[in-house]
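Novice: Below is one structure. I have some questions about it.
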Amino acid sequence: MGPLDGMLMGIKDNFCTSTLPTTCGSVMLKGFTSPYDATVVKLLEASGAILIGKTNMDEFGMGSANVYSDSGVVQHPFTYRRVAGGSSGGSAAAVGMKMCTAALGSDTGGSVRLPASYCGVVGFKPSYGRCSRNGLVAYANSLDTVGILSGTVKQASVVYDAISKHDPKDPSSMPDKLRSKLDESDSILRSQWTKGNLKGLVVGIPQEYYVDPMSDDVVDVWRSGIQFLKEQGATIQSISLPHTHLALPAYYIIALAEASSNLARYDGVRFEKDKHTDVSKKVSGDMMLYADTRAEGFGAEVQRRILLGTHVLTAGTFDTLFLPAQKARRLIQADFDQVFYQHNALYESSVEQEGQESTKVHVILTPSAISSAPRMTDVLERHESSNDVKAVDAYMNDVMTVPASLAGLPAITVPFGKSAVDGYPIGLQLMAQYGHDGFLLSIANSLAKKQK
């Protein structure tokens, strides 16, 4: 018997499976079945998990409400009047409705943690490179991370242990040498708080995460989380991550640039079995065929992001947008390195982590979203609007989650409270230093005790 023996698992529809179609929620891949299984899918099956099916998602992972899908919108597990969040909304809703014990999702800028907060479930994004991306359809290579949605932190931990393996087929997979080094450090740190008493743990509260669009309900739940950890013996420390305001623009510049490159392979002729374009009717040459099939195969949001990403990579804007975004990403990572006690094992020099000892922390606590689950009517109105400004305004939903993605840090959403206005779930996010995933899960389990 494997560690996951008999566990019912859902698989987000951007993980390749040889027995089920992989459409990524897009007409472009309608009818496509992969000739191989993703590495994490193989590991789940080898561990005894029962894969019950594929879950809906925003097209190619692009969205925060799961309304951009050829298969239709994903409704909140409690009501059809609210969204489930995206882009892993199908996985979050399936777990929230107890259709499965856990589900795989992918997290590029919050696509696991945001819907987890909306649906009242646990959403875990491991450190970048911990879990193989082989067989995960790419959105943005330097940001895409395999994620886990589950009912409890312990369930997420068991699934994580099963799929966190080095994979030579994934060039971004964490090497065994670095993995062993981090596992040793992680184990030592985790052993300090094994009995639930958090005395000696320092929790950072970043002032930059208190943003204007955040609802009063979320602020109240955040304060409750801080108070609960304090009661468990933790020390609360106010910290500053000064470059946080650069995270959202930097993320969308980098992610969309990578997406425009990755999605160039989809021409409407390859991959899908059920061609949605009649090639015989095209008489204007190959280029027109290519242009028409891409326009017909991609939804409005994917087209918007491809166009923006292509613009970012043009000669005129590469130096003024893309390169500064990469520099901002490095500054954001440096902010985290300066506040964590743990050294970032990706860097040999300790110069990257200079900072006052009095402001060092073990974990960081923030909200996972700026509100509870938005109303379906409000999201659909914005989705169907021809006003691009309204569509781009939706990107603000990711403001809490993109910094950890840019830095490659492990981060987890834990359901912690409910809105006093509408009664829907609100989750809190914990972040830890790169590679210390087991330690983060153990602290998250302590935070989750409030819900028991």
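Positions of Cβ are set from backbone N, Cα and C atoms, glycine also.
In case it helps, TrEMBL gives these features for our protein:
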- LYS12: active site, charge relay system (ACT_SITE)
- SER87: active site, charge relay system (ACT_SITE)
- SER111: active site, acyl-ester intermediate (ACT_SITE)
- 2-441: domain 'Amidase' (DOMAIN)
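In terms of burial and nearby residues, how do these features look in this structure?
Specialist: Around LYS12 (active site, charge relay system), a 10 Å sphere centred on its CB holds 31 further CB atoms from the protein chains shown.
Its Cβ placed at the centre, SER87 (active site, charge relay system) has 35 other Cβ atoms within 10 Å.
Long-range C-beta contacts of SER111 (active site, acyl-ester intermediate), restricted to its own chain and to partners at least six residues apart, with a cutoff below 8 Å, comprise ASP58, GLY61, SER64, GLY86, SER87, SER88, GLY105, GLY147.
The average pLDDT for the domain 'Amidase' (2-441) in the predicted structure is 92.
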